[in-house]
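Structure record follows, encoded as structure tokens.
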Amino acid sequence: MKHYLSINDIDNLSEWVKEARILKSQPKANKNLGANKTICLLFFNNSLRTRLSTQKAAMNLGMEVMVMNFGNEGWALEYGDGTIMNQNTSEHIKEAAQVVSQFCDIAAIRAFASLTDKEQDEAEVVLNGFKKYTSIPIVNMESSVGHPLQALADAITLDEKSTKAKPKVVLSWAPHPKALPHAVANSFVEMMQLQKADFIITHPEGYELNEAITKNVTIEHDQQKALENADFVYVKNWSSYTDYGKVLNQDSNWMMTKEKLGSAKFMHCLPVRRNVVVEDAVLDGEQSLVIEQANNRTYSAQIVLKKILENL
Amino acid sequence: MKHYLSINDIDNLSEWVKEARILKSQPKANKNLGANKTICLLFFNNSLRTRLSTQKAAMNLGMEVMVMNFGNEGWALEYGDGTIMNQNTSEHIKEAAQVVSQFCDIAAIRAFASLTDKEQDEAEVVLNGFKKYTSIPIVNMESSVGHPLQALADAITLDEKSTKAKPKVVLSWAPHPKALPHAVANSFVEMMQLQKADFIITHPEGYELNEAITKNVTIEHDQQKALENADFVYVKNWSSYTDYGKVLNQDSNWMMTKEKLGSAKFMHCLPVRRNVVVEDAVLDGEQSLVIEQANNRTYSAQIVLKKILENL
Amino acid sequence: MKHYLSINDIDNLSEWVKEARILKSQPKANKNLGANKTICLLFFNNSLRTRLSTQKAAMNLGMEVMVMNFGNEGWALEYGDGTIMNQNTSEHIKEAAQVVSQFCDIAAIRAFASLTDKEQDEAEVVLNGFKKYTSIPIVNMESSVGHPLQALADAITLDEKSTKAKPKVVLSWAPHPKALPHAVANSFVEMMQLQKADFIITHPEGYELNEAITKNVTIEHDQQKALENADFVYVKNWSSYTDYGKVLNQDSNWMMTKEKLGSAKFMHCLPVRRNVVVEDAVLDGEQSLVIEQANNRTYSAQIVLKKILENL
């Protein structure tokens with residue numbers, strides 16, 4: 001593997017999960033692997049978990065880490081070909097990408113969807129720009145379309161907590177006051193298709209994800225029916241994909257409750273709005289896996305960086 | 001000691017000061033103590049001295065350091081219990097605190113007073129939130145109520161510069177155009193009560209600090225009288241505590257001058273507004289200890305981190 | 001050498017270039033030199049290349065690096081003598097500089113020209129303030145007047161790519177929608193006067209640089225004539241120096257094109273606005289050296305830090 005842009009860059013998910021769990025038990029065992037290697041973490045959007053966990057993972061591997069916020073430390077980049085750059089953009093992705101690659105061995109990038117321009121979002125101009133114009137490996141720290149470090153952490157968490165050969169896993173849409181991207185849901189759906197599981201998505205009509213991603217996954221608009229006998233319930237809001245970036249409804253009946261959850265384990269990528277997406281009783285109860293999911297972000301990043309370093 | 005939230009978390013101040021002075025003479029002597037340990041410095045407010053000195057102290061102990069600005073790199077946190085989070089806050093302190101603790105061994109936090117809501121400020125929601133919801137040690141890098149790393153640095157400076165068994169130390173209020181918190185003054189007052197000293201506070205009427213902190217300390221409204229025969233004069237502005245967060249007066253007669261200072265040493269935590277809080281002649285003269293106070297911030301942080309690391 | 005404020009702080013440019021090229025071939029060879037030494041990178045303005053390359057150079061030498069953005073992490077500094085600081089500035093350069101020097105062994109500083117106050121810009125209040133009030137070495141990461149790390153990287157690039165004993169080098173002004181500083185052009189001109197080269201500057205009338213810097217350099221207002229038989233063309237916009245900080249024209253006839261360039265190599269410090277300063281065909285062609293110039297920023301910073309460290 002050279003780049004880690006999507007969950008589909010993993011050649012053998014169960015093997016990676018197994019190895020990540022070994023790393024988790026001995027996080028500093030590979031501290032020589034990254035010696036004299038540098039990673040740049042480039043943030044075009046804010047971050048808490050991803051910032052700290054990816055930095056931690058790199059340090060666990062002995063790498064040197066440089067963090068840069070493009071928003072307030074850099075300037076606006078241009079992505080269009082042939083643009084006469086006499087407006088607001090100061091540097092073209094062609095130069096920025098090549099320049100960054102002079103200073104580091106791996107670049108990890110966060111660049112969210114705009115949610116206003118579907119075509120541009122799906123083109124993944126930032127991530128693909130860096131991939132196209134550099135020779136170094138690129139790691140996706142959440143792009144317009146996917147969040148594969150999160151999905152890999154979720155796979156590790158499922159593996160740790162699952163007691164069945166084929167658990168029932170439900171991805172359940174939740175209300176939210178703001179328009180959120182599809183990245184986390186997309187990567188989770190992609191990851192689940194690499195798993196042995198009975199996997200169902202439930203959401204209100206109008207909230208269909210990209211069909212190219214959901215493919216043959218069962219979609220059930222009746223949340224109650226979808227949740228029956230679930231072992232794991234992954235809750236997440238996303239805005240409409242069809243009516244791109246719109247908040248079609250905020251129906252609080254879709255909020256996850258302890259009652260609806262039954263005996264299933266609760267998962268969410270965080271940050272989460274309490275009593276909007278999910279009620280307190282779920283997050284404060286013993287069925288919640290959200291903190292362990294966050295913890296596994298370190299080992300998800302660490303296995304990705306380890307695979308890349310071994311391949312440099 | 002687990003947490004360092006207040007000067008009162010120090011079991012034996014004179015012992016700590018002694019040990020900090022030894023660290024100062026050999027700052028890198030304990031470089032193995034922090035190996036493979038990570039500290040997160042979390043800033044909810046701006047910082048110069050605290051940012052650099054705490055980072056330096058951690059590096060002196062061989063720790064890995066991750067710095068995060070919540071303001072422009074993260075998002076607004078919610079502190080209320082049971083809140084329906086459909087407004088501006090994106091993540092609850094319960095999750096944020098637990099998540100951060102997955103990625104580091106110690107968390108150091110700066111979160112200033114609002115100066116608009118006394119009750120909330122005194123509840124120290126940020127610092128206490130992190131303390132309540134994590135299992136890792138928390139270090140106060142200036143909270144609403146206290147700045148114990150500064151007060152410990154001040155204790156080191158007093159110890160270095162004092163020639164008397166029981167010096168006279170005066171905390172003298174100074175004018176300032178903006179409303180400033182009480183944190184530095186509070187911690188200095190608490191620290192002085194652990195010292196052998198003749199300690200007096202002088203300020204205009206209406207600027208009384210929290211009585212629970214000043215306890216039996218002498219308060220003298222006549223600045224000239226308070227300053228008589230002083231060995232050390234610690235100058236600091238704070239806003240009104242009674243009329244919470246208000247600037248009651250900016251009377252320049254309270255500014256510290258070379259004439260008023262006499263032969264005493266001058267102390268201030270910095271940053272300081274020249275010719276408003278104190279005149280140039282004092283800061284530029286040989287009686288000023290402000291740069292040495294700043295220098296001692298490294299060793300104050302280093303002794304605190306050393307004590308915590310030894311206890312992990 | 002103690003400070004690196006200007007290209008003229010280099011005692012022997014060709015010797016430094018030679019040594020920098022050796023560093024480039026073995027970047028980690030001096031990793032012990034900076035052990036237990038700390039550098040603070042202080043940014044009063046945004047940065048991409050300088051931020052990453054200087055950090056990388058310091059890490060290559062084994063130094064510990066602390067990065068601080070004064071804009072959003074610190075506060076406004078006061079530079080005037082005797083000011084009554086009751087307005088917007090919170091700390092005087094006298095204290096800030098001395099304080100920073102308590103926490104690091106070297107301070108590198110970026111502080112751009114205002115382009116509104118020529119006298120203040122030329123006084124280099126930030127850089128000279130730090131120099132005046134600290135005892136530690138100061139490195140210029142682009143000041144009002146100069147960008148000597150860039151010019152040294154350019155000298156390395158010229159040395160690598162030159163095939164003649166005395167190449168013809170042209171500095172050619174280019175149009176730009178915004179008012180840009182003179183720092184890069186100034187340092188390039190100063191550097192070229194230390195080289196064996198046939199050096200010419202070409203720009204529209206009214207764009208004369210400071211005569212104290214251009215001295216006896218040939219200035220040719222006819223761009224076509226200046227470019228004849230050029231081996232290297234360094235393109236850069238700057239605002240008017242005489243009519244200080246003004247954009248006098250944006251004449252696109254001054255844009256560099258593949259046709260104008262002929263067989264010369266193209267140089268630019270980046271960031272560059274495509275199809276305004278230079279057309280795509282140049283940047284995307286094989287004559288462009290801009291990425292190698294950026295790469296050499298690491299070794300330019302590394303030789304500077306190495307010289308300073310050897311002298312500490």
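Heads up, the Cβ atoms here are built off N, Cα and C, so glycines get one too.
Binding of N(2)-succinyl-L-ornithine is attributed by TrEMBL to C:GLU142, C:HIS176, C:ARG273, and within the candidate set C:LYS94, C:LYS215, C:LYS225, C:LYS236 the record adds C:LYS236 to that site.
A distance below 8 A between C-beta atoms marks C:TRP75 as the binding-site residues from C:ARG49, C:TRP75, C:LEU149, C:HIS176, C:CYS269 lying next to chain B. Listed in sequence order, C:ARG49, C:THR50, C:SER53, C:THR54, C:LEU149, C:GLN150, C:ALA153 are the same-chain residues at least 6 apart in sequence whose CB falls under 8 Å from the CB of C:ARG297 (carbamoyl phosphate binding site). The subset of binding-site residues C:SER47, C:ARG49, C:LYS236 lying near chain A, with Cβ atoms under 8 Å apart, consists of C:SER47, C:ARG49.
According to DSSP, C:ARG297 (carbamoyl phosphate binding site) is assigned to a helical segment. Long-range Cβ neighbours of C:SER47 (carbamoyl phosphate binding site) (same chain, at least 6 residues apart, Cβ-Cβ under 8 Å): C:ARG110, C:MET141, C:GLU142. The binding-site residues recorded for this entry are C:HIS176, C:LYS236, C:ARG273, and the Cα of C:LYS236 lies nearest to that of C:HIS147 (carbamoyl phosphate binding site). Taking DSSP states H, G and I as helix and E and B as strand, the domain 'Aspartate/ornithine carbamoyltransferase Asp/Orn-binding' (C:184-305) has 45 helix, 19 strand, 58 coil. Sorted by the number of other CB atoms within 10 A, the binding-site residues C:ARG49, C:HIS147, C:LYS236, C:ARG273 start with C:LYS236, the lowest.
Taken together, the residues in the domain 'Aspartate/ornithine carbamoyltransferase carbamoyl-P binding' (C:2-160) have a mean pLDDT of 96 on the 0 to 100 scale. Rounded to a whole number, the distance between the Cα atoms of C:HIS176 (N(2)-succinyl-L-ornithine binding site) and C:CYS269 (carbamoyl phosphate binding site) is 14 Å.
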